[in-house]
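> TrEMBL lists these features:
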TRANSMEM  12-36  transmembrane segment
DOMAIN    17-207  domain 'Cation efflux protein transmembrane'
TRANSMEM  48-65  transmembrane segment
TRANSMEM  86-108  transmembrane segment
TRANSMEM  120-139  transmembrane segment
TRANSMEM  160-177  transmembrane segment
TRANSMEM  183-200  transmembrane segment
DOMAIN    214-288  domain 'Cation efflux protein cytoplasmic'
Amino acid sequence: MNNHQQKILMAARGAAISVSVYLILSILKLVFAQIFHSSSLQADGLNNLSDIIASLSVFIGINIAKKPADSNHHFGHSKFETIASFITSVLMFYIGIDVFSTSFQRLINQDFPVTDKKAMYVSIFSMFVLWFTSQYIATLSKKTNSLGLKATATDMKNDFLISFGTLLGTIFAQFGLPIMDTILSLIVAVIIIISGYEILKESTFVLSDGFDLEEIEKYRATILKHPKVHEVSNLRARLNGNKIYVDVTIKIDGNLSVIESHHITEEIETILSYNFQVEDCDVHVEPYFEPKKA
């Protein structure tokens, strides 16, 4: 099993864990919402149901991304994971706008429901589970360079904030300040919308073949360190899921043989793969001749 396959398996495991966690939390919250007659806990549970859809989309996207290249997808299926992160960002937007709209209406109508303080224990449990799981998923996303898992980790952190807001709102309500629950919900909603925008921006950037210019300059500088490379031109890179593809033209001594030129291209490919985990590198060679002295 190569390094890329190991990363895909790790990412799939992380996505499966997130689906399981959201399923357990949503059932727990909805059941206790009925027992404690807690509208905020019920809303939190329904929110987790929508999170299951987002996590499932990431899980499905990652598993499709595992499929090798075929006649219709010559570069593989890795972009399906990025599509899944795009779907997650859209759902985050929807949840954020929905929470903001509901909270704003309550503020306008001065409708501040008081939550049963027993619901606090469910919120505290949810917070601990979401925080530790989000940290685990975030660590996995960095190890696997998975945009889908990054979106899931961000979504979980947002849900942690929602549970934290529910907890604080319940505490404030016990001191005769039920309005604070609504104000906290508005703040959390804005944070969710901003997070959704950041993931959406990153997903669309990758899907449209955008790439970090600073990384490209690092590639250029590394290639130019090769003693036989005189010039680097037409250097391009893109992401396909978590795979990096590079297309570069180098200029070397025009008197070198075809075999020598081929060896240099292989060395460039190895250097980029080792230093930057480039999955595939297409190196074009052009002749370089020293300018004649006048």
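Every residue gets a Cβ built from N, Cα and C, even glycine.
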> Mind checking which residues reach the transmembrane segment (183-200)? Cβ under 8 Å, same chain, six or more beyond either end.
85-86, 88-93, 95-97, 99-100, 102-104, 107, 150-151, 154-155, 157-158, 161-162, 165, 168-169
> For the transmembrane segment (48-65), could you work out the same-chain residues 6 or more beyond its ends whose Cβ comes under 8 Å from its Cβ atoms?
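Distant contacts of the transmembrane segment (48-65): 8, 11-12, 15-16, 18-19, 22-23, 25-26, 29, 76-85, 87-88, 91-92, 94-95, 146, 148-149, 151-152, 155-156, 159, 241.
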> Would you mind listing the long-range same-chain contacts of the transmembrane segment (12-36), meaning Cβ under 8 Å and 6+ residues beyond its ends?
42, 44-46, 48-49, 51-52, 55-56, 58-59, 62-63, 66, 115-116, 118-119, 122, 125-126, 129-130, 133, 136-137, 140-141, 144, 146, 148-149, 152, 156
